[in-house]
């Protein structure tokens, strides 16, 4: 039985005051929520502060990126060992902003996936097509290629306990969102694609939707059978909006 997971990706936003205030408000808004796992991914600078602010709550600490190296002369990087040491659990990799701005390849992202698994951390593998690829009918081809970078090097078993976040690039931060039916079709394709290698693993892998998820569209998205939660950007910076999304996931999956 898959459990829903809603994760907030704070991106390049935050301050000490903001972290303390947002986490305190999240604790209030999410008190009593038990049917949906909740994670937040602040900038690395604020991971320790967020961890202490969330102590004693059900909020799980995550991070936005990881390096493929565990230590050494790699200026500016953060290793899986460091993230594990500070208490982060869910680690985002392959986000379209990393793929675009930092030219991260499918193969490089697959190496990050492997490093996280080796350290006992949970990869949140972001996949998704650009607007041009979508218009060219290449959505499934792109998603399959991005998944295959892991499947072909680590096997289907690598996805056991992992998370995939389908984020159509054309919907991130644009206000556009795939319709629930469109998102469900891609999520089903992703699950079926993994099932070709291992049906049992495919059935349990959590597949989140990410792409302008907000308080108004969350409930309908979560009624879809293969949408197991959300990776939330802008709305995760507002406790009330984020809480609506979490509660929508909880309600939909308990129905």
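Glycine residues also receive a Cβ, built from the backbone N, Cα and C atoms like all the rest.
Note that this is a predicted model, so its numbers are computed, not measured.
Taken from Swiss-Prot, the feature substrate binding site applies to 9, 10, 11, 173, 212, 233, 234, supported by sequence analysis. Sequence-distant neighbours of residue 234 (substrate binding site) (same chain, six or more apart, CB under 8 Å from its CB) are 173, 212, 214, listed in sequence order.
Residues annotated as active site, electrophile in Swiss-Prot, with sequence analysis given as evidence: 95. If you draw a 10 Å sphere around the CB of residue 95 (active site, electrophile), it holds 29 other CB atoms from the protein chains shown.
Here Swiss-Prot flags 167 as active site, proton acceptor. The Cβ of residue 167 (active site, proton acceptor) lies under 8 Å from the Cβ of 95, 96, 126, 127, 128, 209, 210, 211, 231, each of which sits 6+ residues away along the same chain.
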Item checked: Of 9, 212 (the binding-site residues), the residue whose Cβ has the fewest other Cβ atoms within 10 Å -> 212
Next item on the list: For the recorded substrate site formed by 9, 10, 11, 173, 212, 233, 234, name the remaining residues of the chain with Cβ within 8 Å of the site's Cβ center, in chain order.
Entry: 172, 232, 235, 236, 237
Note to self: Using a 10 Å radius around its CB, how many other CB atoms surround residue 10 (substrate binding site)?
What the structure shows: 22
Checklist line | C-beta crowding around residue 233 (substrate binding site), within 10 angstroms | finding: 22
Note to self: Applying a 10 Å Cβ distance cut-off over all chains shown, what neighbour count does residue 11 (substrate binding site) have?
What the structure shows: 18
